Structures are given as C-alpha cells and as structure tokens.
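Q: Next up is a structure, given as structure tokens.
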C-alpha cells in the first residue's frame, strides 16, 4: 500500500482521507498506513482511541506505540474530554467496538492534511455497542452493511479488507479555504485569534447582549466551526471591559467537557489582552471558574445554573438540555447566550432553532458555516454526513400517502426512504445522535410506522413475554435491559407478573415541527394500536422524559402514567416516565393497579424524591391516575384552612390542614381545577418549594403563585365542605 501522492494532495487542499481497514490483517495494514504517513509528516500528532479495559486492546496499542511513542491514547468512554482537540491522525480501534457516536466524534478531531484510520476485524461481529442492541442473541447488520457500501463508493475513502482494496481518490481542486477579509469592529488582537470571519462576526455581534432589557443571543453551527471558541473570545472581551465594575457570568452545558473550549478561549483572549487571570481548578484539573479583575465566569451544572444569580448565562450545546429546561432558564435570566450544534452528534438543533425563532423576547442569531479544522468540501466530513445522515431534512409535505408499516430492510435498501424517515426523527426531536441510526437499522423485534412524505414516524419495540428465569434475573438486578418497560416495572415496582405480558413500547413517535398539533401523531398512534390489538398483545406503552408537552400528547390519547423514575437521568436531562394503555383484560387491570401505586408515591415522596420535577408535569400525571376514595377532614382542619383563605393565619400555620385537603382531592379528583392553580398548590404543599422557586417553573411571581394556590384551595374546600366555620370546639 503506497499512499504518498494522496497525502501530498490532502495537505495541499487541507482535506483528510478516511482509511477503513477490516479483516484478519487489519492491525498490520493500519500500522503500515500509519508508518507511511509518519514518513510523509514527521511532526504529526496522533490520537489512538480504544477501550483500554477489553482484553487484548492494550497489546494492540503497544504495537502502535512502537511506531509512534508519543501518541495520545483516548478511552472511547471518556473521549468527550477531548472535544476541541486536534490531531494529524486519529486512529480508531474498532476491533472491540464500532459505535457511531465514537466514530463521528473521533473523526472530527483529525485536521486537514491528516487521516482518519479505522481498523477492525469485522465491524458486524462481537462489538460492544452492538451487543447492547442484541436480544435473545438476535441483532441485524443493516447499519454496518450500509456503512461498508458507502465507504466503498465515497471519494476520499480508502477501503481495504481481506478480499479487495479500493482507493477512491479526492482532489485538492475541490476544496476551499476560508479567506479572512477583515473590516470587523473588534480588537485586532482577538481578530488574529479567529480562524474564520464567521468567528469574528460572533465577536462583533456579541454586544447585543449588553443592550438594556432582556436579550437572547444565539450562535449555531455544524460541528467543527469554532462556535464555542468564538463565544469564549467574546466573553474575554466582555470581561476585560467589565473588570473594574465587575460582572458575574455563569457557563453551563450538559457536561463540563461540552463547554471546556469556551473556558480555553476566555484564557486565550485574556492572554491576548495581557491581563491577569485568577483560576479556580478542581482536583481533576478542571477550570471551574476564573476571574479577570472583578469579572468572574464559572461553570455550573444545568440544575444549579438555572437558580443561580448573575448578569449573564451562557449555555453551550443548548439543544441537548431540552426545551423545558431552556424555558426555566429563560424565565430566570435576563441575559442569555445560547450555543448549539446543528448537524452534529451532541443532538440535533433543528427543533431548537424553531424554539429560538418563536421566542417572544429580543433575540439575535449568528450562524457559522466555515470549518476551522479542515477545508470546506472535506470528503471525510461528507462521509460522516452521509453515513450518519447528519444533515437529513424532511421533504415538504404536499399530499399524505397515509399511515403504513415499513420494514427495516426496506429502509436500509432504499437511501431515499431511509433519509425521509430519519429526517423526520431528527427534525422532531432535540436529542439525536448517530447511535440512533444504528438502533433504527440493527435493533431486531422492531416495527416502524410512517406517514410520508415527510410527516410522521413511529418506532415500536416488542417487549415482554418473559419466562420465570428472565423475571427472576430482573428481580435480582441481573439485567435484561432489552425489555425496558417490563424491566422498570419488575425491578422498581416489584410487579413480577407484568413480565409475562406481551407489549409494544413506542420508542419514538415524531412529527415534523411544522405539522405538530394537527393530529398526525395521534393518527399514527391509532394505527399502532390497531396493529397491536391484531397481534394479540396485552399493552402498548412508552418511556420518555416527563415534560409537560409530551405528557399532554400521551394523556390526550388515553394513556395512563404507571411509573416515574426516582432519579434524574442526567443523560436525558430529566425524570423518565412510563405511560401505558392496556389492550387485554389483564393489561388493563395492571395499568390501573400500577397507576394507583404511582399516585401514592408521588403524593407521599414529592418533597424528597420529586422536588426537582416540574410541578405542572406532576399534576398532569396525578390527574391521569384512577380515582380512589379516602376519609374526611376533621373540622379543626377545615377551620384552619378557612382562616388561611381569609388572611387570618399564614400558609405555614395551616400547612398540614391544606396538605390533607389537597391529598383528598388528588386521590378522588371530584371536580376540575385549572392545572396552574393545582401546580401552585402542589409545589408548595407537597414538593416543599418556596413561592419564589415554584414561580420559576410556572412563570409567575411569588405573590401570583400563592394567589393561584388559594384559588385551588378555595374551590376544593367549597366543593367538599361548603358549610365550613372559622372556629370549632375540640
């Protein structure tokens, strides 16, 4: 294998080559390619990604270190730490794992003129992520087969296996490098740090957030455009200008490493201004805060950031936080900077763009298009976009073809159909990643329902029908994650008999944003229910983050909440809820029994377990559970409640009486009370929130929250005890 001419042209055009080597000799082939590249570029930097804990992986690493002792070895599991890092060569050991998220992330780290080198014995067999999609020993290879087909035909890719070698060359004539033209009203020392004029535009427009009143400034771009770095430079300028009077900035993101590039850029900017910086570092070496004079920026997790005080909040990878979390932050903060990826692997920003465009506050958006690590037109980026459908866009709908079921094989043998289906999933959800495409192709026991062109998609997974041995394994925490709903119900609610029932879990149901709220999702769900009943299943359900809008969709369609996770899923940014609809007689019975148990848990533990759950979401859940009669309130409690309503005693004085009345109402639900009033009452009486903290969730001032709670209390008291007197004799 001789690739010197390829390397020379790649350097000339600042683009990259993707080497995909698989087969029995893949290790030796990979080392030959690396050796040849190091001969061409003697000062090359090399990253090597692998799973160090898997047997045999460190031995392969040692072989590469014989060629290049200074390579940076990266554990796939912690590769997020290296976001923003750049190397000439990115070696991906795919012997133990071939996971789309890792391939996309690590490929992005190679700079123009370099190579991505992926080697494997066979990406279809004995892979860790693939094993998580395997149930009863069954998984499909549709995703991998398509990846191989693309690799064999895409330009800028060298594909070699035991039987063939394909060199699909590219040309430097087809790439373009950014030309900095200047003319920006920004400090020269910062402009020199910008790699593109796109980045300089962020600096120039950033003063929008300094204007009076509420302001939202958004920076959006595909991966690798330097958006976080440009925001960091803008922040350094802002902090230097405010170093005497002082300013407090909070930086937040789904994980610390998602926004580490912002911190790095603030440091680079401060150095350019030649100002003194004071750092506060964690034991692991993370820069948690830094000061420039009286200006301070600090990183906080989203849960802490939303309640924090400060002058400005910066949210990196904002789309991945979810719309409900963004809403909370928007209500709390006056100056907001949103940074997010579109067409990336941190999560699609398409529904995020719709959210920002619909904001009712002064806002401004800057979009970056030029890559900073490689030339525009880079073939490896094109391969990643095609292989993982990162830029899939739904078609404009003219006439619906109706709702129908399609097979995974149909999709993965028809590129146009696959792109249509996946584009709907990406456009409708803010949490998407390349892994999702592999799930769509490889997960067996899956059914896909669609309304095309470009309208709606439903992904359904068959679950349940477990035997005694499988149920016992779940009871004793021995896995079976492949049956998500039975697993949660058996393990956490201890309802062993639920495992024997057969059900369908709606893994995803998506309608393109422009057509949401028009009944397309409900029509898709009805088709799924019809087919489920025809198949003789016992239940249909779904598990998702308990957000008010999503809950509303499922409850409107007759589904009942039966489970709410006791711990927040940090990866999803919320508490997972399970809803279900019984199809068979036994399915309906268990639906009711489980929902009553959930009602009891929420009413008894919300002050502790569910304190951070949106009270509006909890109200929706409670009001969808079955009614259950309980005893009357003693007269003394009624009198205390009346005294509170009349302004004669404080809430805390009557709190136990109010709690008892509200508990009776939530068990029995005899009359309708508006959700905001109920949420105001619940957040104070059951979650133990202050009126102020409840107001952040509800978008109300503290006084308004208490007034709403009083409205609910008054209506409930009048219904149950219309003749209540303000005093009693014990």
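Any Cβ shown, glycine's included, is placed from N, Cα and C.
Keep in mind that this is a model prediction, so the values were computed, not measured.
According to TrEMBL:
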BINDING   199, 373  ATP binding site
BINDING   509, 510, 511  acetyl-CoA binding site
DOMAIN    401-582  domain 'N-acetyltransferase'
Q: Can you check which residues sit near residue 511 (acetyl-CoA binding site), meaning Cβ under 8 Å from its Cβ, same chain, 6 or more apart in sequence, and list them in order?
A: 424, 428, 455, 456, 518, 520, 521, 524
Q: Sorry to bug you, but what's the C-alpha spacing from residue 373 (ATP binding site) to residue 509 (acetyl-CoA binding site), rounded to the closest Å?
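A: On Cα coordinates alone, these residues lie 36 Å apart.
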Q: Taking 199, 510 as the binding-site residues to compare, which has the smallest set of other Cβ atoms within 10 Å?
A: 510
Q: Around the recorded acetyl-CoA site, report the further residues of that chain (criterion: Cβ within 8 Å of the mean position of the Cβ atoms of 509, 510, 511; site residues excluded), sequence-ordered.
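A: Those within range, site residues removed, are 424, 425, 428, 456, 457, 458, 508, 516, 520, 521, 524.
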Q: So how many other Cβ atoms are close to residue 509 (acetyl-CoA binding site), meaning within 10 Å of its Cβ?
A: 26
Q: Give, as a single whole number between 0 and 100, the mean pLDDT over the domain 'N-acetyltransferase' (401-582).
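A: Result for the domain 'N-acetyltransferase' (401-582): average pLDDT 93.
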Q: If you measure residue 373 (ATP binding site) to residue 510 (acetyl-CoA binding site) at Cα, how many Å is it?
A: 34
Q: Taking just the CA atoms, what is the gap between residue 199 (ATP binding site) and residue 510 (acetyl-CoA binding site) in Å?
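A: Residue 199 (ATP binding site) and residue 510 (acetyl-CoA binding site) have their Cα atoms 34 Å apart.
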Q: Does DSSP put residue 509 (acetyl-CoA binding site) in a helix, in a strand, or in coil?
A: strand
